[in-house]
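So the structure is just underneath, and the comments pick up after that.
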Amino acid sequence: RRSASDAELSAGAEGATGSEAAPPGDLGGRTRGGGRGSAAAAATTSTREAEGAERRGDTPARKPDPEAGRMDHHQLGTGRYQVLHNEEDNSESSAVEQPSTSSLAAPTVEAAASAPALDPDSPPPYSSITVEAPTTSDTDVYSEFYPVPPPYSVATSLPTYDEAEKAKAAALAAAAADAPQRNQEEDCTPRDDFSDVEQLRVGNDGIFMLAFFMAFIFNWLGFCLSFCITNTIAGRYGAICGFGLSLIKWILIVRFSDYFTGYFNGQYWLWWIFLVLGLLLFFRGFVNYLKVRNMSESMAAAHRTRYFFLL
């Protein structure tokens, strides 16, 4: 480009010099010839300079084309940057963003061809990432830690605060009423290997008669043995009844015997006291035993209780 511009400047300078050096007389005739000669000389000079530039390896300068510059700039920009499209609008953009001319198709193909070889360390494109669907185990874990709320119909049908408090009070009252009966049933659990009389520790008539005769015959010694050995109501009440009758027996023996006349002379009130005490012991043991036996037979099975009559 510099050689071509230098050639033009030199040609212009020579033409101007030739026109100034011409004499005034020959101005009219030489004007035409001088103009032609200057033009021929300029052409020859430019041709020589162009050949010299070609020999040196330089190309003659040409007028820059603005369209070509724009195309080169577009190609450089397209090759350097990659055009990305949205995945969701991929189908729509493929139909809308088509190239209008053949000049835009070539840069797009070049950009697509050069895109995979940009950088091996760059992350993969978003379209190559596959999203895994949630499995049933993840769904179960999510529902376990975050339970699903109840539907609107269930949430609106819940009782009010007053109704909930009344229901709670009724439940507490029912539990308090059932507690004594439950404790009583636990304390008095029925046993199949014993009869009802043995379960209540009432005893039977045989034990009552055995303790009665033991206390009646052996007096106070029999009373102590029968009362301490037996652990039933029949045996203890039999011992009390026999001891009372034994006391009455000895009072009558002492009163109507000639051997003990000196002991009760003038003291009749003393033997009356022992006689009444013996009668009370006899009737108390006999009546209480009959009462307990009848009560044990008439009681319901769920409300039976063990009775211990300790004196």
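Along the chain as shown, residues are numbered 1 onward.
Even glycines carry a Cβ here, placed using N, Cα and C.
Per Swiss-Prot, the feature region 'Disordered' maps to 1-133.
Annotation source Swiss-Prot lists compositional bias 'Low complexity' at 7-22 (among others).
Per Swiss-Prot, compositional bias 'Low complexity' is recorded for 38-47 (among others).
Look at Swiss-Prot and you will find 48-75 tagged as compositional bias 'Basic and acidic residues'.
According to Swiss-Prot, the feature compositional bias 'Low complexity' maps to 102-120 (among others).
The feature motif 'PPxY motif 1' is assigned by Swiss-Prot to 123-126.
Summarising the annotation, Swiss-Prot assigns phosphotyrosine to TYR126 (among others) and lists similarity to another entry as the type of evidence.
If you look up Swiss-Prot, you'll see TYR142 (among others) marked as phosphotyrosine.
Look at Swiss-Prot and you will find TYR146 (among others) tagged as phosphotyrosine.
Per Swiss-Prot, motif 'PPxY motif 2' is recorded for 149-152. When pLDDT values are averaged over the motif 'PPxY motif 2' (149-152), the model yields 72.
For TYR152 (among others), the entry in Swiss-Prot reads phosphotyrosine. Less than 8 angstroms from the CB of TYR152 (phosphotyrosine) sits no same-chain residue that is six or more residues away.
Annotated transmembrane segment per Swiss-Prot: 207-227 (among others), in sequence order. Note on the transmembrane segment (207-227): residues 234-243, 245-246, 249-250, 289 of its chain, located 6 or more positions outside it, place their CB under 8 angstroms from a CB of the stretch.
Tertiary proximity for the topological domain 'Extracellular' (228-232) is limited to same-chain residues at least six positions away from its ends with a CB under 8 Å from its CB atoms, namely 201-203, 207, 211, 238-239. The annotation topological domain 'Extracellular' is assigned in Swiss-Prot to 228-232 (among others) on the grounds of sequence analysis.
Within the same chain, residues 201-205, 207-217, 219-220, 222-223, 226-227, 271, 274-275, 277-286, 288-289, 292-293, 307-309, 311 sit at least 6 positions outside the transmembrane segment (233-253) and bring their C-beta atoms closer than 8 Å to a C-beta of that stretch. According to Swiss-Prot, the transmembrane segment annotation covers 233-253 (among others).
What Swiss-Prot records for 263-283 (among others) is transmembrane segment, and it gives sequence analysis as the kind of evidence.
Positions annotated as topological domain 'Extracellular' by Swiss-Prot: 284-311 (among others).
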